């Protein structure tokens with residue numbers, strides 16, 4: 001061993017276990033514009049000081065391990081370590097606190113959501129010194145944002161492609177989600193689109209099953225799109241789910257969709273994975289396809305209030321990885337959602353610059369610079385009587401995605417789609433005339449019923 005690499009016991013190195021807070025708790029640290037900042041909700045084991053547990057989170061999600069190692073002396077820990085720089089109690093929760101951690105940007109590969117999450121949440125959530133841990137928010141610095149392509153096209157480009165302005169877009173998920181033949185599936189798509197919807201959608205678990213192979217579904221849906229476009233004079237689309245068992249197969253399906261000339265494909269970004277999603281997003285940008293994102297499996301990650309990851313973090317990650325639409329909850333439908341919190345991450349999806357606002361769950365000011373925005377998709381358990389609230393809450397830059405609220409119409413799919421479109425246009429017209437949708441919404445819908453099925 002050369003003199004330059006030889007390490008002797010007792011010379012600059014002392015083996016053994018020491019408290020994390022001695023190295024990783026730095027309340028005097030001033031965060032840098034280039035740091036990735038994280039807010040963790042920590043529930044420690046009894047008797048452990050918050051400073052030690054906050055420092056443990058910073059250590060185990062960056063450079064630390066359970067003991068001092070001699071290779072620590074071969075690098076600069078002060079340059080690369082995560083730092084717990086602030087701790088605050090959670091109101092109403094005696095055993096929880098928020099630990100703020102700063103990570104140097106050099107810890108992360110450029111343009112890789114996969115690497116970012118592997119570092120920040122990949123290991124520390126199984127740490128036995130913690131009873132529970134939840135990542136509430138991330139601040140992504142501009143320097144890191146600029147390494148991502150982001151959404152394939154964004155809100156304005158999508159509107160230009162569709163030639164549709166001044167209102168939310170309307171969609172419908174085809175039901176039953178499983179069991180239809182490709183031909184019957186295409187018929188259902190056609191009926192919805194000719195009735196007035198902008199989009200129809202594959203359900204998240206429609207891939208390529210024995211009862212309906214993907215290529216057959218793509219062909220019959222493309223036929224439905226072109227036929228409904230010819231009848232209505234509007235541009236239509238169907239979210240063709242390209243999610244597959246391999247990235248190669250996924251791209252093959254997207255290529256076929258492009259060859260058919262349809263405007264949009266779909267991906268289940270959590271079950272498919274961020275690497276696959278980013279690859280598909282790049283393909284869609286290069287080939288003029290819009291990309292609809294479904295968040296299947298999100299509740300496994302974000303449902304618990306004290307463990308896992310809040311959806312606002314997944315929403316930020318999706319904007320970085322790439323998608324033109326993403327499901328965001330409804331506030332008024334059958335799934336969980338708090339209005340202010342939901343609107344907080346809706347703003348994080350759509351806006352260029354979002355100020356810190358703890359009442360809306362936004363822990364950090366976020367600057368997206370030139371990264372395109374993502375349309376939030378309100379879906380699950382909604383129907384025409386929710387239209388006034390949805391129009392008021394989500395505004396024009398959104399997709400209102402019905403299912404049973406269209407297909408459950410007693411006269412069939414096309415009349416259900418007509419009812420959706422009439423209700424939406426009535427609400428938009430009333431809003432533009434200055435009427436209060438929150439107060440007069442029911443009356444507006446009743447008036448619209450006079451000229452709608």
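Yeah, the Cβs are placed from backbone N, Cα and C, and that goes for glycine too.
In the shown protein chains, 16 other C-beta atoms lie within 10 A of the C-beta of residue 175 (active site, proton acceptor). If you look up Swiss-Prot, you'll see 175 (among others) marked as active site, proton acceptor.
Here Swiss-Prot flags 294 (among others) as active site, proton acceptor. Mapped onto three states, the DSSP output places residue 294 (active site, proton acceptor) in strand.
Feature annotation from Swiss-Prot assigns substrate binding site to 123, 173, 177, 295, 327, 379; the stated evidence is sequence analysis.
Residues annotated as N-acetylproline in Swiss-Prot, with sequence analysis given as evidence: 3.
Look at Swiss-Prot and you will find 14 tagged as N6,N6,N6-trimethyllysine.
Under a cutoff of 8 A between CB atoms, and with a sequence separation of 6+ in the same chain, the neighbours of residue 201 (N6-carboxylysine) are 171, 172, 173, 174, 238, 239, 266, 292, 401. Taken from Swiss-Prot, the feature N6-carboxylysine applies to 201, supported by sequence analysis.
Annotation comment: Swiss-Prot describes 334 as site 'Transition state stabilizer', evidence class sequence analysis.
Of all the recorded positions listed (294, 295), 294 sits in the most crowded Cβ setting, with the most other Cβ atoms within 10 Å. Long-range neighbours of residue 177 (substrate binding site) (same chain, six or more residues apart, CB within less than 8 Å of its CB): 203, 205, 206.
For the pair residue 294 (active site, proton acceptor) and residue 327 (substrate binding site), the C-alpha distance works out to 6 angstrom. Cα of residue 123 (substrate binding site) to Cα of residue 175 (active site, proton acceptor): a span of 39 Å. Comment: substrate site residues 123, 173, 177, 295, 327, 379; largest CA to CA distance 36 Å, whole number. Of all the binding-site residues listed here (123, 173, 379), it is 123 whose C-beta has the fewest other C-beta atoms within 10 angstroms.
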